[in-house]
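Taken from TrEMBL, the feature domain 'Cytochrome b561' applies to 24-226. The feature transmembrane segment is assigned by TrEMBL to 28-48, 54-77, 97-117, 129-154, 166-188, 200-219.
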Amino acid sequence: MRVDVEYSPVGEGLGMSEFWLYVWMRRIAVIAAHVIAVGLTVLISLLSRPGTSLFSWHPVCMSIAYLLCLTEGILLFSPEGTPFCFKARKGKVRLHWFIQALVILAAATGVGFMVASKNVSERPHLATWHSLLGVGTLAATVLQAACGICLLFPKLLKLSPPRLKLYHATCGLVVYLLATVTVVSAMFSDWFQATVKGVVWYAFLLLPLFPALVIMNQITNAYLPRKKITT
């Protein structure tokens with residue numbers, strides 16, 4: 001008799017104790033990603049001293065957009081747990097839409113403050129790698145939102161919902177990695193290096209990489225090609 005069983009290769013070959021250890025390690029990693037996202041957003045907001053200048057609002061808005069909202073919007077679907085109480089996927093999807101809308105709103109506001117600050121100080125626009133990466137990240141975010149809208153009309157695009165979800169998740173991972181690179185590049189700016197120095201600077205440089213690894217693991221595990229065993 002032949003029985004086809006689909007399974008994900010994640011956790012393959014582990015015993016029961018090793019499996020539960022693996023599960024708890026993933027849960028701890030997700031919790032740590034939540035803590036880092038919130039902690040970095042708060043710390044950067046405090047370091048920026050919002051209200052002291054037009055520029056001071058730029059790191060606040062961008063950290064809220066990409067360190068906090070984008071991270072939480074993706075971790076919302078983590079099977080290892082989320083601080084939100086929604087159990088039904090429909091509720092999570094609605095909250096995901098709301099959070100992603102906040103990402104675009106906060107990012108656009110942050111860009112607006114940066115443009116206004118540059119105009120007041122008469123400094124050139126798009127003169128650094130960070131600014132170029134930032135524009136690319138914002139453009140990718142808007143395209144990703146458009147990709148998400150396409151999920152509402154799968155028949156119009158003549159694509160199956162699972163394939164659209166795969167495209168959406170893959171594009172989301174690209175956007176998050178691009179946002180992480182942009183955030184890390186901000187650590188090399190004159191403002192940040194003048195504000196944070198020494199060992200603390202290296203901590204700020206490395207911390208954004210951890211949530212990126214957690215999210216990469218979440219998305220790749222969710223969309224790994226499934227194998228079949230025939231017995």
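For all residues, glycine too, the Cβ spot is worked out from N, Cα and C.
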Closest-packing stretch to the transmembrane segment (54-77), where packing means Cβ pairs under 8 Å, from 28-48, 97-117, 129-154, 166-188: 97-117
Cβ contacts under 8 Å made by the transmembrane segment (200-219) with residues that lie 6+ beyond its boundaries: 26, 29-30, 32-33, 36-37, 39-40, 43, 67, 71, 74-75, 77-79, 169-170, 172-173, 176-177, 180, 183-184, 187, 192-193
